[in-house]
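Colleague: Got these off Swiss-Prot a minute ago, pasting:
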ACT_SITE  90  active site, proton acceptor
BINDING   91, 92, 249, 254, 255  substrate binding site
ACT_SITE  253  active site, proton donor
(Lines of atoms letter the chains of each structure in order from A and count residues from 1; the text may use other names and numbers.)
(Lines give C-alpha, C1' and ligand atoms only; values in the text may rest on other atoms or scores of the structure.)
Protein backbone atom coordinates (compact mmCIF):
# COMPACT_ATOMS: atom_id res chain seq x y z
CA UNK A 1 0.00 0.00 0.00
CA UNK A 2 1.40 3.37 -1.00
CA UNK A 3 0.94 6.94 0.10
CA UNK A 4 1.41 9.39 -2.76
CA UNK A 5 2.38 12.95 -1.86
CA UNK A 6 1.67 16.07 -3.92
CA UNK A 7 2.94 19.54 -3.08
CA UNK A 8 0.43 22.11 -4.28
CA UNK A 9 0.25 25.89 -4.38
CA UNK A 10 -3.37 26.93 -3.99
CA UNK A 11 -4.89 30.17 -5.19
CA UNK A 12 -7.74 31.69 -7.16
CA UNK A 13 -8.18 33.72 -10.32
CA UNK A 14 -10.83 36.40 -9.93
CA UNK A 15 -12.60 34.09 -7.47
CA UNK A 16 -12.25 30.71 -9.17
CA UNK A 17 -9.88 28.16 -7.60
CA UNK A 18 -6.56 27.06 -9.06
CA UNK A 19 -4.49 24.25 -7.53
CA UNK A 20 -1.00 24.23 -9.03
CA UNK A 21 0.71 20.86 -8.55
CA UNK A 22 4.33 21.86 -8.03
CA UNK A 23 5.62 18.46 -6.90
CA UNK A 24 4.59 14.84 -7.28
CA UNK A 25 3.22 14.93 -10.82
CA UNK A 26 3.89 11.81 -12.93
CA UNK A 27 6.33 11.53 -15.80
CA UNK A 28 4.39 11.39 -19.05
CA UNK A 29 5.16 9.96 -22.48
CA UNK A 30 4.44 11.83 -25.70
CA UNK A 31 5.99 14.27 -28.15
CA UNK A 32 3.21 16.86 -27.69
CA UNK A 33 1.17 18.03 -24.73
CA UNK A 34 -1.93 16.49 -26.31
CA UNK A 35 -0.16 13.12 -26.34
CA UNK A 36 1.01 13.60 -22.76
CA UNK A 37 -2.55 14.49 -21.79
CA UNK A 38 -3.76 11.21 -23.31
CA UNK A 39 -1.13 9.28 -21.34
CA UNK A 40 -2.15 11.05 -18.13
CA UNK A 41 -5.83 10.20 -18.64
CA UNK A 42 -5.03 6.57 -19.49
CA UNK A 43 -2.72 5.86 -16.54
CA UNK A 44 -2.88 8.65 -13.96
CA UNK A 45 -6.41 9.98 -13.95
CA UNK A 46 -6.66 8.92 -10.30
CA UNK A 47 -4.37 11.86 -9.51
CA UNK A 48 -6.83 14.26 -11.09
CA UNK A 49 -9.85 12.77 -9.33
CA UNK A 50 -7.98 12.53 -6.03
CA UNK A 51 -6.85 16.16 -6.09
CA UNK A 52 -9.95 17.74 -7.65
CA UNK A 53 -12.89 15.89 -6.06
CA UNK A 54 -13.93 15.69 -2.43
CA UNK A 55 -12.58 15.14 0.17
CA UNK A 56 -9.44 16.99 -1.04
CA UNK A 57 -11.21 19.23 -3.53
CA UNK A 58 -14.77 20.21 -4.42
CA UNK A 59 -17.15 20.64 -7.37
CA UNK A 60 -15.52 23.89 -8.55
CA UNK A 61 -11.90 22.77 -8.16
CA UNK A 62 -9.52 23.09 -11.08
CA UNK A 63 -5.77 22.96 -11.33
CA UNK A 64 -2.64 22.43 -13.36
CA UNK A 65 0.59 20.45 -13.46
CA UNK A 66 3.83 21.90 -14.85
CA UNK A 67 6.07 19.99 -17.29
CA UNK A 68 9.10 20.73 -19.45
CA UNK A 69 7.95 22.07 -22.83
CA UNK A 70 7.65 19.74 -25.81
CA UNK A 71 8.39 22.54 -28.28
CA UNK A 72 11.44 24.84 -28.48
CA UNK A 73 9.46 28.11 -28.59
CA UNK A 74 7.94 27.60 -25.11
CA UNK A 75 9.25 28.15 -21.58
CA UNK A 76 7.07 25.61 -19.78
CA UNK A 77 4.25 23.15 -20.50
CA UNK A 78 0.98 23.01 -18.61
CA UNK A 79 -1.51 20.18 -18.16
CA UNK A 80 -4.90 21.52 -17.04
CA UNK A 81 -6.97 19.33 -14.73
CA UNK A 82 -10.45 19.82 -13.28
CA UNK A 83 -13.45 17.82 -12.13
CA UNK A 84 -14.59 17.20 -15.73
CA UNK A 85 -11.24 15.86 -16.95
CA UNK A 86 -8.24 17.43 -18.66
CA UNK A 87 -8.89 20.61 -20.62
CA UNK A 88 -7.03 21.54 -23.83
CA UNK A 89 -6.80 25.08 -22.48
CA UNK A 90 -8.03 26.96 -19.40
CA UNK A 91 -7.94 30.76 -19.24
CA UNK A 92 -8.44 31.32 -15.53
CA UNK A 93 -6.15 28.36 -14.87
CA UNK A 94 -3.46 29.97 -17.03
CA UNK A 95 -3.65 33.29 -15.18
CA UNK A 96 -3.48 31.56 -11.80
CA UNK A 97 -0.75 29.14 -12.85
CA UNK A 98 1.47 31.87 -14.28
CA UNK A 99 0.97 34.12 -11.25
CA UNK A 100 1.89 31.44 -8.73
CA UNK A 101 4.67 29.88 -10.83
CA UNK A 102 6.42 33.25 -11.24
CA UNK A 103 5.92 34.31 -7.62
CA UNK A 104 7.17 30.95 -6.31
CA UNK A 105 10.13 30.72 -8.70
CA UNK A 106 8.84 27.56 -10.35
CA UNK A 107 9.66 28.86 -13.83
CA UNK A 108 12.29 31.29 -15.11
CA UNK A 109 11.18 33.14 -18.26
CA UNK A 110 13.75 33.67 -21.00
CA UNK A 111 12.48 37.26 -21.22
CA UNK A 112 11.25 38.92 -18.00
CA UNK A 113 7.59 39.85 -18.29
CA UNK A 114 6.92 37.30 -21.03
CA UNK A 115 6.26 33.58 -21.01
CA UNK A 116 5.26 31.06 -23.68
CA UNK A 117 3.13 28.14 -22.50
CA UNK A 118 2.96 24.77 -24.24
CA UNK A 119 -0.64 23.56 -23.78
CA UNK A 120 -2.65 20.73 -25.37
CA UNK A 121 -4.48 23.39 -27.41
CA UNK A 122 -1.24 24.97 -28.66
CA UNK A 123 1.10 27.83 -27.81
CA UNK A 124 -0.30 30.43 -25.41
CA UNK A 125 1.75 33.64 -25.18
CA UNK A 126 1.82 35.43 -21.82
CA UNK A 127 2.67 38.96 -20.73
CA UNK A 128 2.68 39.68 -17.01
CA UNK A 129 3.16 42.75 -14.82
CA UNK A 130 5.24 42.24 -11.69
CA UNK A 131 5.62 44.57 -8.70
CA UNK A 132 8.45 43.27 -6.55
CA UNK A 133 7.71 39.66 -5.70
CA UNK A 134 4.06 39.87 -6.74
CA UNK A 135 2.47 39.37 -10.16
CA UNK A 136 -0.30 41.94 -10.40
CA UNK A 137 -1.75 41.16 -13.82
CA UNK A 138 -1.46 38.50 -16.51
CA UNK A 139 -2.50 38.84 -20.14
CA UNK A 140 -2.66 35.68 -22.22
CA UNK A 141 -2.85 35.62 -25.99
CA UNK A 142 -5.02 32.61 -26.61
CA UNK A 143 -5.21 30.09 -29.42
CA UNK A 144 -7.39 31.16 -32.39
CA UNK A 145 -11.08 31.31 -31.53
CA UNK A 146 -13.99 30.99 -33.95
CA UNK A 147 -17.76 30.77 -34.24
CA UNK A 148 -18.57 27.14 -34.98
CA UNK A 149 -22.36 27.09 -35.42
CA UNK A 150 -25.33 29.45 -35.09
CA UNK A 151 -28.89 28.95 -33.97
CA UNK A 152 -28.72 25.32 -32.87
CA UNK A 153 -32.06 24.29 -31.40
CA UNK A 154 -32.29 22.32 -28.17
CA UNK A 155 -34.94 21.62 -25.55
CA UNK A 156 -34.12 23.06 -22.13
CA UNK A 157 -35.80 21.79 -18.95
CA UNK A 158 -38.38 24.28 -17.62
CA UNK A 159 -37.58 26.86 -20.32
CA UNK A 160 -38.62 24.87 -23.38
CA UNK A 161 -36.98 25.18 -26.81
CA UNK A 162 -34.05 27.58 -27.04
CA UNK A 163 -31.38 28.40 -29.63
CA UNK A 164 -27.66 28.56 -28.96
CA UNK A 165 -24.56 29.58 -30.85
CA UNK A 166 -21.48 27.41 -30.41
CA UNK A 167 -18.01 28.96 -30.43
CA UNK A 168 -14.52 27.69 -29.72
CA UNK A 169 -12.10 29.56 -27.49
CA UNK A 170 -9.90 26.69 -26.30
CA UNK A 171 -12.99 24.59 -25.52
CA UNK A 172 -16.39 24.44 -27.25
CA UNK A 173 -19.07 26.65 -25.66
CA UNK A 174 -22.82 26.76 -26.16
CA UNK A 175 -23.72 30.45 -25.81
CA UNK A 176 -27.25 31.18 -24.57
CA UNK A 177 -28.37 34.74 -25.33
CA UNK A 178 -31.69 36.47 -24.49
CA UNK A 179 -34.58 35.10 -26.57
CA UNK A 180 -38.23 34.15 -26.26
CA UNK A 181 -37.74 31.44 -23.63
CA UNK A 182 -34.64 32.88 -21.92
CA UNK A 183 -34.39 36.44 -20.63
CA UNK A 184 -31.20 37.05 -18.64
CA UNK A 185 -28.96 35.01 -16.35
CA UNK A 186 -29.98 37.30 -13.49
CA UNK A 187 -33.57 36.04 -13.74
CA UNK A 188 -32.56 32.52 -12.72
CA UNK A 189 -30.72 31.10 -9.74
CA UNK A 190 -27.30 29.51 -10.00
CA UNK A 191 -28.92 26.25 -8.91
CA UNK A 192 -31.29 26.41 -11.90
CA UNK A 193 -28.41 27.01 -14.31
CA UNK A 194 -26.50 24.12 -12.74
CA UNK A 195 -29.54 21.84 -13.12
CA UNK A 196 -30.24 22.77 -16.75
CA UNK A 197 -26.68 22.90 -18.11
CA UNK A 198 -25.69 19.21 -18.10
CA UNK A 199 -28.98 18.33 -19.79
CA UNK A 200 -28.37 20.96 -22.48
CA UNK A 201 -24.81 19.76 -22.99
CA UNK A 202 -25.84 16.13 -23.30
CA UNK A 203 -28.66 16.91 -25.73
CA UNK A 204 -26.45 19.14 -27.87
CA UNK A 205 -23.68 16.52 -28.03
CA UNK A 206 -26.22 13.85 -28.97
CA UNK A 207 -27.88 15.97 -31.65
CA UNK A 208 -24.90 17.77 -33.22
CA UNK A 209 -21.25 17.08 -34.01
CA UNK A 210 -18.56 19.32 -32.55
CA UNK A 211 -15.13 18.76 -34.06
CA UNK A 212 -12.18 21.12 -34.11
CA UNK A 213 -11.02 21.16 -37.75
CA UNK A 214 -7.33 20.93 -36.85
CA UNK A 215 -7.27 19.14 -33.48
CA UNK A 216 -8.96 15.72 -33.71
CA UNK A 217 -8.94 15.16 -29.94
CA UNK A 218 -11.17 18.20 -29.37
CA UNK A 219 -14.49 16.69 -30.42
CA UNK A 220 -17.21 17.56 -27.92
CA UNK A 221 -19.02 20.52 -26.45
CA UNK A 222 -17.95 20.88 -22.82
CA UNK A 223 -19.22 24.23 -21.48
CA UNK A 224 -22.49 26.21 -21.35
CA UNK A 225 -22.23 30.02 -21.28
CA UNK A 226 -25.33 31.84 -20.00
CA UNK A 227 -25.33 35.55 -20.85
CA UNK A 228 -26.81 38.64 -19.25
CA UNK A 229 -26.65 42.41 -18.96
CA UNK A 230 -23.63 43.70 -17.04
CA UNK A 231 -23.89 45.12 -13.55
CA UNK A 232 -20.35 46.51 -13.33
CA UNK A 233 -20.10 49.97 -14.94
CA UNK A 234 -17.00 48.98 -16.95
CA UNK A 235 -18.33 45.67 -18.27
CA UNK A 236 -19.77 45.07 -21.74
CA UNK A 237 -21.48 41.78 -20.86
CA UNK A 238 -21.98 39.34 -18.01
CA UNK A 239 -21.85 35.56 -18.02
CA UNK A 240 -22.17 32.41 -15.96
CA UNK A 241 -20.17 29.50 -17.36
CA UNK A 242 -21.11 25.93 -16.43
CA UNK A 243 -18.36 23.30 -16.48
CA UNK A 244 -17.76 19.86 -15.06
CA UNK A 245 -20.84 18.26 -13.54
CA UNK A 246 -22.02 20.86 -11.04
CA UNK A 247 -19.82 23.95 -11.31
CA UNK A 248 -20.42 27.59 -12.22
CA UNK A 249 -17.19 29.48 -12.91
CA UNK A 250 -16.63 32.23 -10.36
CA UNK A 251 -14.31 34.04 -12.78
CA UNK A 252 -15.50 35.43 -16.13
CA UNK A 253 -13.86 32.34 -17.75
CA UNK A 254 -10.93 32.93 -20.07
CA UNK A 255 -11.69 30.45 -22.84
CA UNK A 256 -15.37 31.35 -22.51
CA UNK A 257 -14.56 35.03 -22.94
CA UNK A 258 -12.46 34.09 -25.98
CA UNK A 259 -15.38 32.12 -27.43
CA UNK A 260 -17.79 35.00 -26.76
CA UNK A 261 -15.48 37.47 -28.50
CA UNK A 262 -15.19 35.13 -31.48
CA UNK A 263 -18.98 34.91 -31.68
CA UNK A 264 -19.39 38.69 -31.51
CA UNK A 265 -16.59 39.27 -34.03
CA UNK A 266 -18.18 36.83 -36.49
CA UNK A 267 -21.40 38.84 -36.24
CA UNK A 268 -19.64 42.15 -36.87
CA UNK A 269 -19.95 43.39 -33.28
CA UNK A 270 -16.21 43.33 -32.53
CA UNK A 271 -13.21 44.03 -34.76
CA UNK A 272 -9.43 43.80 -34.31
CA UNK A 273 -8.27 46.19 -31.62
CA UNK A 274 -11.61 46.29 -29.81
CA UNK A 275 -11.78 45.75 -26.06
CA UNK A 276 -14.35 43.47 -24.44
CA UNK A 277 -14.72 43.55 -20.66
CA UNK A 278 -16.50 40.47 -19.34
CA UNK A 279 -18.14 40.26 -15.91
CA UNK A 280 -18.51 37.07 -13.87
CA UNK A 281 -21.40 35.88 -11.74
CA UNK A 282 -19.65 37.36 -8.67
CA UNK A 283 -18.71 40.66 -10.34
CA UNK A 284 -15.02 40.07 -11.15
CA UNK A 285 -13.75 41.19 -14.57
CA UNK A 286 -11.59 39.89 -17.40
CA UNK A 287 -10.31 42.43 -19.91
CA UNK A 288 -10.51 40.89 -23.37
CA UNK A 289 -9.16 42.25 -26.64
CA UNK A 290 -9.38 41.14 -30.26
CA UNK A 291 -5.70 41.09 -31.22
CA UNK A 292 -6.08 40.26 -34.89
CA UNK A 293 -8.08 38.35 -37.46
CA UNK A 294 -7.10 34.76 -38.22
CA UNK A 295 -8.23 31.58 -39.96
CA UNK A 296 -8.68 28.02 -38.73
CA UNK A 297 -8.85 25.53 -41.60
CA UNK A 298 -10.32 28.24 -43.83
CA UNK A 299 -12.84 29.31 -41.21
CA UNK A 300 -12.80 33.00 -40.10
CA UNK A 301 -11.35 33.34 -36.62
CA UNK A 302 -9.76 35.81 -34.23
CA UNK A 303 -6.76 35.75 -31.95
CA UNK A 304 -8.10 36.94 -28.57
CA UNK A 305 -6.23 38.05 -25.49
CA UNK A 306 -7.50 38.01 -21.90
CA UNK A 307 -6.15 39.90 -18.89
CA UNK A 308 -6.91 39.21 -15.24
CA UNK A 309 -5.39 38.75 -11.81
CA UNK A 310 -4.85 35.92 -9.34
CA UNK A 311 -3.89 35.56 -5.69
CA UNK A 312 -2.15 32.74 -3.86
CA UNK A 313 -4.00 31.40 -0.82
CA UNK A 314 -1.51 28.92 0.59
CA UNK A 315 0.66 25.82 0.38
CA UNK A 316 -0.85 22.37 0.55
CA UNK A 317 0.84 18.98 0.85
CA UNK A 318 -1.84 16.48 -0.14
CA UNK A 319 -1.70 12.72 0.42
CA UNK A 320 -3.48 10.16 -1.71
CA UNK A 321 -3.23 7.07 0.48
CA UNK A 322 -4.12 3.67 -0.95
CA UNK A 323 -5.52 2.75 2.49
CA UNK A 324 -8.13 5.50 2.14
CA UNK A 325 -11.41 4.17 0.67
CA UNK A 326 -11.86 7.63 -0.88
CA UNK A 327 -8.30 7.85 -2.19
CA UNK A 328 -9.49 8.68 -5.69
CA UNK A 329 -12.14 11.13 -4.57
CA UNK A 330 -15.91 11.19 -4.84
CA UNK A 331 -18.70 13.47 -5.95
CA UNK A 332 -21.91 13.55 -3.93
CA UNK A 333 -25.04 13.59 -6.07
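The count begins at 1 with the first shown residue.
Each Cβ is built from the backbone N, Cα and C atoms, and glycine gets one as well.
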Colleague: Same-chain residues six or more away whose CB lies under 8 A from the CB of residue 92 (substrate binding site)?
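Modeller: Those within reach of residue 92 (substrate binding site), by Cβ under 8 Å and sequence separation of 6 or more, are 13, 14, 16, 18, 62, 249, 251, 253, 254, 308, 310.
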Colleague: Inside 10 Å of the Cβ of residue 91 (substrate binding site), count up the other Cβ atoms and send me the figure.
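Modeller: For residue 91 (substrate binding site), the 10 Å Cβ neighbour count is 33.
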Colleague: Which chain-mates of residue 255 (substrate binding site) that are at least 6 residues away have a CB under 8 A from its CB, listed by sequence?
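Modeller: Within the chain, residue 255 (substrate binding site) has Cβ neighbours under 8 Å at 87, 89, 90, 91, 142, 169, 170, 171, 173, 223.
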Colleague: Mind giving me a neighbour count for residue 254 (substrate binding site)? Other Cβ atoms within 10 Å of its Cβ, every protein chain shown.
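Modeller: Around residue 254 (substrate binding site), other Cβ atoms within 10 Å: 34.
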Colleague: For the active-site residues listed here (90, 253), which one has the lowest count of neighbouring CB atoms within 10 Å of its own CB?
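Modeller: With the active-site residues 90, 253, fewest surrounding Cβ atoms within 10 Å: 90.
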Colleague: Checking the spread of the substrate site as listed (91, 92, 249, 254, 255): what is the longest Cα-Cα distance, in whole Å?
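Modeller: Greatest Cα separation within the listed binding residues comes to 11 Å.
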Colleague: Helix, strand or coil for residue 254 (substrate binding site)? Use DSSP.
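Modeller: Its secondary structure by DSSP: helix.
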Colleague: Around the recorded substrate site, report the further residues of that chain (criterion: Cβ within 8 Å of the mean position of the Cβ atoms of 91, 92, 249, 254, 255; site residues excluded), sequence-ordered.
Modeller: 13, 16, 90, 93, 94, 95, 170, 241, 251, 252, 253, 256, 257, 286, 306
